[in-house]
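Undergrad: Structure in structure tokens, see below.
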Amino acid sequence: MFINRWLFSTNHKDIGTLYLLFGAWAGMVGTALSILIRAELGQPGTLLGDDQIYNVIVTAHAFVMIFFMVMPIMIGGFGNWLVPLMIGAPDMAFPRMNNMSFWLLPPSFLLLLASSMIEAGAGTGWTVYPPLAGNLAHGGASVDLTIFSLHLAGVSSILGAINFITTIINMKPPAMTQYQTPLFVWSVLVTAVLLLLSLPVLAAGITMLLTDRNLNTTFFDPAGGGDPILYQHLFWFFGHPEVYILILPGFGMISHIATYYSGKKEPFGYMGMVWAMMSIGFLGFIVWAHHMFTVGMDVDTRAYFTSATMIIAIPTGVKVFSWLATLHGGNIKWSPALLWALGFIFLFTVGGLTGIVLANSSLDVVLHDTYYVVAHFHYVLSMGAVFAIMGGFVHWFPLFSGYTLNQTWAKIHFLIMFVGVNLTFFPQHFLGLSGMPRRYSDYPDAYTMWNTVSSMGSFISLTAVILMVFMVWEAFASKREVSTVELTTTNLEWLNGCPPSYHTFEEPAYVKI
């Protein structure tokens with residue numbers, strides 16, 4: 001029955017599909033918000049009213065894209081679908097908890113939308129810093145609703161993380177060790193550990209903010225012996241691991257795609273890749289204050305956070321060069337998925353280089369809160385995470401649906417998206433270097449040219465999003481079924497047919513090592 005299957009589901013494939021659909025829908029909302037931002041900034045002068053409504057849109061854009069698009073698709077969608085298939089498990093360890101993880105997200109999303117509908121909205125930025133987020137600057141329920149929304153999304157992610165850790169450690173076939181699991185499984189494991197360790201700190205921080213706003217506590221109010229900088233430390237102790245949570249599953253997917261379309265049986269430097277991911281996960285927890293170089297920390301503290309941040313470039317470099325080595329000498333098949341992977345490797349590296357620039361505390365004091373930072377993190381997210389999602393989608397779409405996408409449309413789609421995002425975000429480096437600050441709805445005329453170019457790019461990206469919807473419709477309408485899949489010996493997820501049956505591995509898998 002429909003309700004039993006989709007509302008009360010305990011099947012990892014169905015829940016994965018729900019996550020993918022929810023993430024795609026939220027992605028449309030987030031894209032719409034970003035188009036509003038770029039429309040406002042397309043020329044000097046006001047389009048939408050005041051800065052409050054602008055900042056509400058910016059805040060909602062960030063939350064929607066992070067918590068309701070990237071995380072549900074990468075961890076919930078691809079994670080749920082692929083992890084059990086890749087390790088030969090019949091399902092996730094806690095199938096009902098898996099369902100709850102998903103169904104906490106729509107209410108969370110509704111709370112976030114409600115926060116923008118009542119009062120003046122939460123125009124705090126996604127960081128929700130007090131005193132701007134306090135009850136003086138933001139009276140009314142908007143920020144409280146945003147906090148509750150984050151609580152629900154956080155609980156959802158923590159439950160999901162527990163589920164993935166248990167599944168990956170306990171549900172492998174007896175003969176399979178952790179070092180024989182595919183890299184995507186490793187990436188989800190590291191991501192889950194990061195979620196489990198970082199989200200409780202965010203929960204603590206926003207709960208304190210909630211009591212500051214409603215119960216007269218003074219955790220972040222100097223008048224009562226509190227300190228708003230404490231909130232920043234708590235938030236960024238979560239916030240920095242969070243950005244690695246957003247990109248690590250992408251690393252795993254890119255490893256699979258690069259290997260598959262190079263005609264290789266395994267990625268180059270498997271153990272190096274695993275240790276690089278674990279190193280990135282560990283280092284991600286000890287660099288948080290690089291987001292706070294301008295709050296007046298000691299020079300020795302700044303020196304430490306500068307060097308620690310730069311160290312992350314080493315394992316990241318290991319991954320980039322291992323991907324290139326995987327491609328090297330392979331029998332390259334120029335599929336759309338490989339194009340996304342190549343685009344990812346190039347653009348993620350560019351974003352990483354601007355990250356190295358920002359790691360220097362002396363330079364960051366000048367560049368902090370300018371469009372240089374916006375350009376940096378959109379290169380690693382809008383062209384890192386999103387390119388990985390798109391690559392994973394066009395690669396595994398035949399597995400999920402049983403149908404194939406039109407390869408020509410898929411390549412055209414990649415091209416449009418590639419041009420669009422680069423045209424949107426590359427000029428923002430110039431704006432940042434010439435001092436244009438973030439989070440303002442208007443700007444001096446001197447910045448007009450690059451803002452106009454950037455806004456044009458965003459509309460090209462919008463075209464790509466619409467084309468993707470068409471591509472998916474076309475695939476389901478044409479019903480080109482999958483005939484054969486290559487390289488199944490080292491890609492277990494394809495072994496059960498396309499799409500796999502409702503229950504796979506009903507008896508324990510026999511794995512010969």
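Our numbering is plain: 1 for the first residue shown, then up by one each step along the chain.
Here the Cβ of each residue, glycine as well, is placed from N, Cα and C on the backbone.
Keep in mind that what you see is a predicted model, and the values were worked out from it rather than measured.
Here's the feature list from Swiss-Prot:
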{"type": "TRANSMEM", "residues": "12-40", "note": "transmembrane segment"}
{"type": "TRANSMEM", "residues": "51-86", "note": "transmembrane segment"}
{"type": "TRANSMEM", "residues": "95-117", "note": "transmembrane segment"}
{"type": "TRANSMEM", "residues": "141-170", "note": "transmembrane segment"}
{"type": "TRANSMEM", "residues": "183-212", "note": "transmembrane segment"}
{"type": "TRANSMEM", "residues": "228-261", "note": "transmembrane segment"}
{"type": "BINDING", "residues": "H240, H290, H291", "note": "Cu cation binding site"}
{"type": "BINDING", "residues": "Y244", "note": "O2 binding site"}
{"type": "TRANSMEM", "residues": "270-286", "note": "transmembrane segment"}
{"type": "TRANSMEM", "residues": "299-327", "note": "transmembrane segment"}
{"type": "TRANSMEM", "residues": "336-357", "note": "transmembrane segment"}
{"type": "BINDING", "residues": "H368, D369", "note": "Mg(2+) binding site"}
{"type": "TRANSMEM", "residues": "371-400", "note": "transmembrane segment"}
{"type": "TRANSMEM", "residues": "407-433", "note": "transmembrane segment"}
{"type": "TRANSMEM", "residues": "447-478", "note": "transmembrane segment"}
Undergrad: To the nearest whole angstrom, state the Cα distance for the pair H240 (Cu cation binding site) and H368 (Mg(2+) binding site).
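TA: Computed Cα spacing between H240 (Cu cation binding site) and H368 (Mg(2+) binding site) is 16 Å.
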Undergrad: Per DSSP, H240 (Cu cation binding site) is which: helix, strand or coil?
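TA: Note: H240 (Cu cation binding site) is helical by DSSP.
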Undergrad: Which listed range (12-40, 183-212, 228-261, 270-286, 447-478) shows the maximal number of Cβ pairs under 8 Å with respect to the transmembrane segment (371-400)?
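TA: Per the Cβ count, the answer is 228-261.
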Undergrad: Which one of these stretches, 12-40, 51-86, 95-117, 447-478, has the most C-beta pairs shorter than 8 Å to the transmembrane segment (141-170)?
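TA: The stretch I would name here is 95-117.
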Undergrad: Which residues of the same chain, at least 6 past either end of the transmembrane segment (12-40), have a Cβ under 8 Å from a Cβ in it?
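TA: Long-range Cβ neighbours of the transmembrane segment (12-40): 5-6, 46-48, 54, 57-58, 60-61, 64-65, 68-70, 72-73, 76-84, 91-92, 95, 98-99, 102, 105-106, 109, 400, 424, 441, 454-455, 458-459, 461-462, 465, 499-500, 502.
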Undergrad: With the transmembrane segment (270-286) as the reference, which stretch in 95-117, 299-327, 407-433 has the largest tally of C-beta pairs below 8 Å?
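TA: Most contacts with the transmembrane segment (270-286): 299-327.
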Undergrad: Specify all same-chain residues, apart from the site residues H240, H290, H291, whose Cβ lies within 8 angstroms of the center of the Cβ atoms of the Cu cation site, ordered by sequence.
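TA: Leaving out the recorded residues gives W236, G239, V287, W288, A289, M292, F305, T309.
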Undergrad: So which residues does the transmembrane segment (447-478) touch in its own chain, when a touch means Cβ under 8 Å and the partner is 6 or more beyond its ends?
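TA: Sequence-remote neighbours of the transmembrane segment (447-478) are 27-28, 31, 34-35, 38-39, 41-44, 390, 397, 401, 403-406, 409-410, 412-413, 416-417, 419-425, 427-428, 430-431, 434, 436.
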Undergrad: Give the one range among 51-86, 95-117, 183-212, 228-261 whose Cβ atoms make the most pairs under 8 Å with those of the transmembrane segment (336-357).
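TA: Checked against 51-86, 95-117, 183-212, 228-261; highest Cβ contact count belongs to 228-261.
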Undergrad: If you measure H291 (Cu cation binding site) to H368 (Mg(2+) binding site) at Cα, how many Å is it?
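TA: Cα-Cα, rounded: 8 Å.
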Undergrad: What does the structure give for the C-alpha distance between Y244 (O2 binding site) and H290 (Cu cation binding site)? Integer Å is fine.
TA: 15
Undergrad: State, in range form, which of 51-86, 95-117, 183-212, 228-261, 407-433 has the highest count of Cβ pairs under 8 Å to the transmembrane segment (299-327).
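TA: By Cβ pairs under 8 Å, 228-261 leads among 51-86, 95-117, 183-212, 228-261, 407-433.
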Undergrad: Within the same chain, where does the transmembrane segment (407-433) have neighbours whose Cβ lies under 8 angstroms from its own Cβ atoms, ignoring anything closer than 6 residues to its ends? I mean 6 or more beyond.
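TA: Result: 38, 335-336, 339-340, 343, 347, 354, 367, 370-375, 378-379, 382-383, 386, 390, 394, 447, 450-451, 453-464, 467-468, 470-471, 474.
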Undergrad: When a 10 Å sphere is centred on the Cβ of Y244 (O2 binding site), how many other Cβ atoms does it contain?
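TA: The Cβ of Y244 (O2 binding site) has 21 Cβ neighbours within 10 Å.
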